[in-house]
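**Q** Below: one structure in structure tokens.
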Amino acid sequence: MKHTVEVMIPEAEIKARIAELGRQITERYKDSGSEMVLVGLLRGSFMFMADLCREVQVPHEVDFMTASSYGSGMSTTRDVKILKDLDEDIRGKDVLIVEDIIDSGNTLSKVREILGLREPKSLAICTLLDKPSRREVDVPVEFVGFSIPDEFVVGYGIDYAQRYRHLPYVGKVVLLDE
């Protein structure tokens, strides 16, 4: 399928928003008194996670999960599979799930449910991109970088069939007439 990628959110805007999210997260957790863990959902969140953890100014651990509901195309499936679980115990800790993009909410709802059973002190969600118009499951999201329209986006860690993760901006995929 022939397509092009148009810049939707430039790199400078992303960096500025992540700095602001870091300040908000720091403010929320600075007096918690508990250990904090940022849980990045791979693969898409890795760039966001790396930049965000440098902006969060409270001591924190970093861990990762891989949960998948996407195939190699442009649509989501309803099946959610945990492909890689956390390496560390989160019991009694403040846990912040870091996601690249929330679409239907199915994946995040399942991850939140699984992590909630592990008895964290608190459980919150931070996403770079949110598509509220696509939501099928109500998931509380405490920290949102950008709310975006229902466009297929790539870049800044987000892929299309494993391509475009390297882009320093978020772009929308525009299909071309063949």
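In case you wondered, yes, glycine gets a Cβ from its N, Cα and C as well.
Relevant sequence annotations retrieved from Swiss-Prot are reproduced here:
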{"type": "ACT_SITE", "residues": "D103", "note": "active site, proton acceptor"}
{"type": "BINDING", "residues": "R43, G44, R165", "note": "diphosphate binding site"}
{"type": "BINDING", "residues": "E99, D100", "note": "Mg(2+) binding site"}
{"type": "BINDING", "residues": "E99, D103, S104, G105, N106, T107, L108, K131, D159", "note": "GMP binding site"}
{"type": "BINDING", "residues": "E99, D103, S104, G105, N106, T107, L108, K131", "note": "IMP binding site"}
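Set these features in their place in the structure for me.
**A** All chains included, 22 other C-beta atoms sit within 10 angstroms of the C-beta of D103 (active site, proton acceptor). DSSP assigns D103 (active site, proton acceptor) to coil in the three-state reduction, outside any helix or strand.
Within 10 Å of the C-beta of R43 (diphosphate binding site) we count 17 further C-beta atoms, all protein chains included.
In this view, E99 (Mg(2+) binding site) is surrounded by 25 other Cβ atoms within 10 Å of its Cβ, with every protein chain counted.
Taking all protein chains in view, 26 other C-beta atoms sit within 10 angstroms of the C-beta of T107 (IMP binding site).
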**Q** Does DSSP put D159 (GMP binding site) in a helix, in a strand, or in coil?
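**A** For D159 (GMP binding site) - judged by DSSP and reduced to three states - the answer is coil.
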**Q** What is the set of residues, excluding R43, G44, R165, whose C-beta falls within 8 angstroms of the centroid of the C-beta atoms at the diphosphate site?
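**A** Going along the sequence, the neighbours appear as L42, S45, F46, M47, D100, G157, I158, D159.
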**Q** Which value in Å gives the longest Cα to Cα span across the GMP site residues E99, D103, S104, G105, N106, T107, L108, K131, D159 as recorded?
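**A** Comparing all Cα pairs, the maximum is 19 Å.
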**Q** Would you mind sorting out which of R43, G44, E99, K131, R165 (the binding-site residues) have a C-alpha within 10 A of the one on L108 (GMP binding site)?
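**A** Checking Cα-Cα distances against L108 (GMP binding site), the binding-site residues within 10 Å turn out to be E99.
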**Q** Go through the binding-site residues D100, N106, D159 and tell me which ones have a CA within 10 A of the CA of R43 (diphosphate binding site).
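**A** Within 10 Å Cα-Cα: D100, D159.
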